């Protein structure tokens, strides 16, 4: 395998996604035209553009539109090769480059990004608080909010089927901190695509939530 690269300019042609024009993340390959994209970019293109390759408009069959084939050769190279962030110059494995952007201050300054607080609605009151932070159940990555946790797990661990405790469920009042789920990544995607805090007060238990819902429905019916 080639030795570690010194800067991102040497790898842009092979490891850049044609859609987002950034380093590939969870690379997938079309089966007919063999073009490679970030999995997320490809799935978004399928939802908006139909059954065509986002680059050449070649045909994409039904099965790969919902379950694209991972470009394991590209993924392996990215796990072996290193490069420098084009914004801050920090060296790392290419596989982790796009994840690095989430914490790269210069990248966030370039695109005008900044951390946001979440507003929690509790009856007629609303308060500002910091989003809860989670640790990835499959690796040492930590200090992730819910959205970042899902993105990290889908980008780094999507094809791993591991029985683990869900880190989000474990923090909820009605959750069981020792109950495991057979495929924690599939569970996260099925149960945690939205943030409970945006719809309810997570500091009260499930029975109290039910009573509030009944009371509110009674007010509406009157």
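Cβ from N, Cα, C; glycine included.
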Annotated range (Swiss-Prot: zinc finger) out of 65-84, 85-104: 85-104
Which listed span Swiss-Prot calls zinc finger, if the choices are 164-192, 193-221: 164-192
Residues close to Zn(2+) site centre defined by 85, 88, 100, 104, Cβ within 8 Å: 87, 89, 90, 92, 97, 101, 103, 106, 107
Contact check, the zinc finger (17-57) vs the zinc finger (164-192), 3+ Cβ pairs under 8 Å, seq sep 6+: no
Least surrounded among the binding-site residues, given as 85, 88, 104, when other CB atoms within 10 Å are counted: 88
Helix, strand or coil at residue 88 (Zn(2+) binding site) [DSSP, three-state]: coil
For residue 100 (Zn(2+) binding site): DSSP state (helix, strand, coil): helix
Those residues of the chain, 6+ apart, with a Cβ under 8 Å from that of residue 100 (Zn(2+) binding site): 85, 90, 92
